[in-house]
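A.B. asks: If you scroll down you'll find the structure; I have some questions about it.
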Amino acid sequence: MEKEARPSWDNPLQFVLACVSYAVGLGNVWRFPYLCQMHGGGGFLIPYFIMLILEGIPLFYLELAIGQKMRLGSIGAWTAISPYLGGVGLASVVTSLYLCLYYNVINAWSFWYLFHSFQSVLPWADCPINSNRTGFIEECETATSTQYFFYRQTLDISSSIEENGGIHTGQALCLLLAWGITYMFIVRGVKSTGKVVYFTSTFPYVVLFIYLIRGVTLHGAINGVIYMFTPKMEQLANPTTWINAATQIFFSLGLGFGTLIAFASYNQYNNNFERQAIVVSLINSGTSIFASIVTFAIYGFKATVNYENCLERTRLLLLNTFSLAEDSITVDSLSSWIDRLNTTYPEQFAELTNKLEDCNLERELDTAVEGTGLAFIVYSEAIKNMPLSQLWSVLYFFMLLLLGMGSMLGNVTAIITPLRDFKLVSNMSNELLNGLVCVFCLLLGLGFTTTSGNYWFTMFNDYGANFSLLFIVLIEVISVSYIYGIKRFEKDIEDMLGYRPNWYWKITWAGISPLLLITLFIVYIVNYIQGGTPTYQAWNKELVSCDVKSLVVIS
């Protein structure tokens, strides 16, 4: 395909919004808050922004420069740099394909929850009645209604990855809908994608802002916000904190998939991608912090409600056990009453030892949850306790859907753009090629809608793309710096922008970023070896909790 005939974005804003829509995804909502919680609250922002400056922005800039200069997808661009580097582009395409197979399953779950939000009572608000209609289902009562709805009704999950009970029809239909909408978004290539990103990149911010206003007005929300911004500086001495900060920056910006190269290949040759790289990177990080404030406000509300419910259960237990007047014990005087009763009735109080709960607000806030557990269980539990819960549920899951769809546009573009550069498919219509890719991914993705599909999803997400992406980006930066050459790369940038990159870019490309990537690469290898057999969290119906199970390898 001739470069002169290559389609392009209607304006630079479309390109920026496409990058924002791709980079700002579910990880900003469910991964970054978890890392803040695990690594010292506000103190985690110090290594996070250091890694953004030393690793994130320079590598983001590098991929945009390659795409805009070569005006080709990942395979063509790296082949143009060196015939021996075509495999780097192919690896990016395979990794993006790998991601597409399971990523749209999250959008299917979002559709499922969204459709179930249009009910007078949210289905995860209460436990369902048992078959004898004598009470609630025991599994739901022992767990929580939100856990039951996710594991049993949404996933119909099996007890292990080896057990497969067939396809969940509802989830399969939601996955079909997710891929149908993805196809409509990309049907005409960059021309249709450029229109869609105006909505997918901006509306989530509207919902986040609404949730921010609602979140900070919730009872106990301030406890969560204070918890987030209270730094635990001792965590800065923990190497894992720095490793996780670097990893979060790396994956949050979507490096290595070939999407940024594909998007930039549709730019005008003299487009100022340097400014855009900085802007998009800062927007992405700013969104993570913004989403964390919202999330921790919800955390604070949920933790405070759980804490106060615990205190109320303890109060009622003491009232009933010691036959006290209803208003004699209040939540505020509970601690002093426990001491008094323990002193006055030591034998009777000793019988309550196994029944008394240890209510602790700090421990409730310390309970760290990430991924689907945060997005579909913790948030659902908070939403059900809000007034007008149906409205907040619709807004939240619609926002999740847009975040997921925005990332899917980039993932599919990373596959289609390199294919389009091949002569074999260059004459194929956009509608046919894009449709074939979507149908292929849909058919393979149906495996994730089986009863063991969530376990396969976890395996793909935890062990699939991480290692390969680190290797791809490491080869990219080394190839540009030492095979293509920094001097030559400088001249290409000067040809596009009218000036050469300053010392900051050159030092990070040639030295700092490769060293950081090599460090991450080594850490991943060491952790993988030390970790032994891959494990996953399996839902135990009898114990009504998640057990850690090892993946059985059949030789």
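Glycine too: its Cβ is placed from the backbone N, Cα and C atoms.
Reproduced below are the annotations present in TrEMBL:
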- A23, V24, N28, S252, N284, L403, S407: Na(+) binding site (BINDING)
- 12-32: transmembrane segment (TRANSMEM)
- 44-62: transmembrane segment (TRANSMEM)
- 83-105: transmembrane segment (TRANSMEM)
- 170-190: transmembrane segment (TRANSMEM)
- 202-222: transmembrane segment (TRANSMEM)
- 242-266: transmembrane segment (TRANSMEM)
- 278-299: transmembrane segment (TRANSMEM)
- 394-420: transmembrane segment (TRANSMEM)
- 432-457: transmembrane segment (TRANSMEM)
- 463-486: transmembrane segment (TRANSMEM)
- 507-529: transmembrane segment (TRANSMEM)
A.B. asks: Does the transmembrane segment (394-420) make contact with the transmembrane segment (83-105) through 3 or more Cβ pairs under 8 Å, each pair 6 or more apart in sequence?
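C.D. replies: These two segments touch.
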A.B. asks: Would you count the other CB atoms within 10 A of the CB of V24 (Na(+) binding site), including those on all shown protein chains?
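C.D. replies: For V24 (Na(+) binding site), the 10 Å Cβ neighbour count is 28.
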A.B. asks: If you draw a 10 Å sphere on the Cβ of A23 (Na(+) binding site), how many other Cβ atoms land inside?
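C.D. replies: That number is 26.
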A.B. asks: Which residues of the chain, 6 or more past the ends of the transmembrane segment (202-222), have a CB below 8 A from one of its CBs?
C.D. replies: 17, 24, 287, 290-291, 293-294, 297-298, 300-301, 303-305, 307-308, 386, 392, 395-396, 398-399, 402-403, 406
A.B. asks: Any chance the transmembrane segment (44-62) and the transmembrane segment (170-190) are in contact, meaning at least three CB pairs closer than 8 A with a sequence separation of 6+?
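C.D. replies: Answer no: the transmembrane segment (44-62) and the transmembrane segment (170-190) share fewer than 3 Cβ pairs below 8 Å.
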A.B. asks: Okay, the transmembrane segment (83-105) and the transmembrane segment (278-299): do they have at least three CB pairs under 8 Å, pairs separated by 6 or more?
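C.D. replies: Not in contact, no.
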A.B. asks: By a simple count, how many Cβ atoms lie within 10 Å of the Cβ of N28 (Na(+) binding site), its own Cβ left out?
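C.D. replies: Looking across every protein chain shown, the total is 25.
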A.B. asks: Taking the transmembrane segment (242-266) as the reference, which of 12-32, 83-105, 170-190 gives the largest number of Cβ pairs under 8 angstroms?
C.D. replies: 12-32
A.B. asks: What parts of the chain pack near the transmembrane segment (170-190), using Cβ distances under 8 Å and only residues at least 6 beyond its ends?
C.D. replies: 7-9, 104-105, 107-109, 111-112, 115, 154-155, 196, 200, 266, 405, 408-409, 412-413, 416, 420, 430-431, 434-435, 438-439, 441-442, 445-446, 448-449, 453
A.B. asks: Neighbour count, 10 Å Cβ-Cβ cut-off, for N284 (Na(+) binding site): what number do you get?
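C.D. replies: For N284 (Na(+) binding site), the count of other Cβ atoms within 10 Å is 24.
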A.B. asks: Measure from the Cβ of L403 (Na(+) binding site) and count the other Cβ atoms within 10 Å, all protein chains considered.
C.D. replies: 30
A.B. asks: To which of the binding-site residues S252, S407 does the lowest count of other Cβ atoms within 10 Å belong?
C.D. replies: S252
